[in-house]
Amino acid sequence: MNDAMRIYRSTLGLALLVLTGFLVYWLRPILTPFLAGALLAYLGNPLAGRLQRIGLNRTVSVSLVFLALTAITVAVALMLIPLVGRQIGMLQSQLPAMIEWAQTQALPWLEAAMGIDASLLDLNVIRDTLSTHWQSTGNVVAGVVQRVTQSGFALAGALASLALIPVVAFYLLRDWNNVLAASLALVPGAWRDTVAGLARECDEVVGAFLRGQLLVMISLGLFYALGLWLVGIQLGLLIGLLSGLAAVVPYLGFIVGIAAATLATLFQFNDWLLPLVLVWGVYGAGQMLESVVFTPLFVGDRIGLHPVVVIFAVLAGGQLFGFAGVLLALPIAAVIAVLLRHAHAFVTG
């Protein structure tokens, strides 16, 4: 009877797990604000807990955390948006000239030096498409206005989802301990201590990794942007920040950044040899800093995932759940890694 009951409970638990997975996949179009809010609440919980330990109640602690995060976000936005906007405007104005340069200089050089057939890439089509787009919309703002006019409901839905993120984050952060206690109460008593221990270990791994990886991305973005600005690259800020954001995937920030910076250098400078060497030096130094300083200092070996696994997790998360999947790919991969280590230890005794 006990064996039959154990098999029944195990089968029921597996069925509920599979059903939950299908339900999450089916609801994935509307999950982004809830998952993003949960991620923000998770990241803000340690700070709220520290404020609570000095004598503040939970609601006041959460409110202070939100005020601080809002102030930081607004300050960064006020500083970066005008700069990035100017860089994007500069890129927009230079795109036709860049395509002309690629058509008349870069592709002939590739054809002569490497035997690549330049006719395989018809940049005239790209140039004509861009020209048609700019003639029809005038500029980026006009294009956005046109899209907004044509898809007002889509815009309203996007704004509603965006506004929902801080609401979800606030209430989850305020009731974080209650949510955890209620979730743990659903676990059978015999497994409760084991599940609680696994949850604590996953929390330590994921929390430390997320906060550390965020610091690595910020540090790399600032380093690349400053280095490219010192070299004199006009689009240095934009390329540097994109390099930092892409650093969430191992080596992707370096590859994307050095490729974009190389093209920008070749286009901008007639005598490009010295600037190109300096740009490569910036990215070489950035890669060394990431490997020797930033990652060991901020992240360490907290996640224990091979870079190929990280790349696969990010791509799989994006394919299945879009932007929310990209956000949660590495935390979920870290949790799976912890569970697999414990499963291996259990099986091997």
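Yeah, the Cβs are placed from backbone N, Cα and C, and that goes for glycine too.
The transmembrane segment annotation in TrEMBL covers 7-24 (among others).
The transmembrane segment annotation in TrEMBL covers 30-48 (among others). Outside the transmembrane segment (30-48) by six or more residues, the chain places 24, 58, 61-62, 65-66, 69, 161-162, 164-170, 172-173, 176, 206-207, 210-211, 321-324, 327-328, 331 with a CB less than 8 A from a CB of the stretch.
The feature transmembrane segment is assigned by TrEMBL to 60-81 (among others).
Positions annotated as transmembrane segment by TrEMBL: 153-173 (among others). Same-chain neighbours of the transmembrane segment (153-173): 30, 32-34, 36-38, 40-41, 44-45, 48, 62, 65-66, 179, counting only residues six or more beyond its ends whose CB sits under 8 Å from a CB of the stretch.
Residues 237, 239-241, 243-245, 247-248, 253, 257, 261, 265, 275, 278-279, 282-283, 285-286, 289-290, 294-295, 298-299 of the same chain, all 6+ positions outside the transmembrane segment (214-231), place their C-beta atoms under 8 angstroms from a C-beta of that stretch. Here TrEMBL flags 214-231 (among others) as transmembrane segment.
Counting only same-chain residues 6+ beyond the ends of the transmembrane segment (237-260), those with a CB under 8 A from a CB of the stretch are 80, 83-84, 87-88, 91, 213, 216-229, 279-280, 283, 286-287, 290, 307, 310-311, 314, 330. Marked as transmembrane segment by TrEMBL: 237-260 (among others).
Long-range contacts of the transmembrane segment (272-289) within its own chain (CB-CB distance under 8 A, at least 6 residues past either end) are made by residues 219-220, 223-224, 227-228, 231-233, 243, 254, 257-258, 261-262, 265-266. According to TrEMBL, the transmembrane segment annotation covers 272-289 (among others).
Summarising the annotation, TrEMBL assigns transmembrane segment to 309-340 (among others).
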